[in-house]
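Feature annotations, courtesy of Swiss-Prot:
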| type | residues | note |
| --- | --- | --- |
| ACT_SITE | 40 | active site, proton acceptor |
| MOD_RES | 40 | N6-(pyridoxal phosphate)lysine |
| BINDING | 136, 310 | substrate binding site |
| ACT_SITE | 263 | active site, proton acceptor |
């Protein structure tokens, strides 16, 4: 998708805020551990390459979701460790070795496929994934973990780490978290051969369960300044939201009582009012169900009226503002603030999704 560079809609990313957030979280951790910056999904919509370069001196490596995301970083000159959290195709092992990428091994079945590949396994770096209760990928028993590690050792693979992922670390009820933690700790303690690196701490675990950290952490949503729990749990240290979303009025008109706006004529004016049009829509990740949400114009809240279209949306203005007036959809304007969590709450989703949905049509400015 081509960025719309000639359209007045932009996502501004404060890289210094991301750096400051990492510093605060690292100081919150009770011991020195290895730090991975999670930059999957285009760094949660913030721009993977720009973010990775900005935090290079603060982290030991990066986590991505897939091989393509890892290759993007390598092609941009990022040479620190990159851990691919998802499972890659066994047929792509040579690419992983060529670019010195660390892969995740999650099952014996996959390993049997990998053994058929003609590659130099002594150059392959892996972390073993344990499914302690998340239910997606990973070995699910001590016997399976020991068998997998034994085969990897026989193959001459560089076994660097073992890890798991918590399903409820951002919730006030700790029952499931404690169950997963106990399972993982017992499994690691009983391994016939324990890898040097052990990690289970995502953003939420690093914030609210820092006493459970092993010797590495994976920092994702928190480095971008967002609370993993939404507003359910209080942050133990203040963070700054790094991304703001702005557009500008491209059309302003006055409508009369009875006039309708948008697809389905879902909004009908009750009286004479001013309406402004913004060049942003659901193709940009500003979803169709945002009718009724408020944006900021000259520091005042204005309602989105009518259904959000593919490329445009309309707002009810307090007065006839001139074309080119800035409109803030996420961020601060004057004394008022709209957060990604506010958007998420309105949509009935999570702040992660709000940022990840922002499409490549929206240019990022740093």
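Positions of Cβ are set from backbone N, Cα and C atoms, glycine also.
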> With every protein chain in view, how many other Cβ atoms are within 10 Å of the Cβ of residue 310 (substrate binding site)?
Replying inline: 11
> Under a criterion of Cβ-Cβ distance under 8 Å and sequence separation of at least 6, what residues of the same chain contact residue 40 (active site, proton acceptor)?
Replying inline: 48, 63, 64, 65, 66, 69, 85, 220
>> What does the structure give for the C-alpha distance between residue 263 (active site, proton acceptor) and residue 136 (substrate binding site)? Integer Å is fine.
In response: 39
>> Are there any residues at least 6 positions away along the chain from residue 136 (substrate binding site) with a Cβ closer than 8 Å to its Cβ? List them or say none.
In response: 165
> What count of other C-beta atoms do you get within 10 angstroms of the C-beta of residue 263 (active site, proton acceptor), across all chains shown?
Replying inline: 12
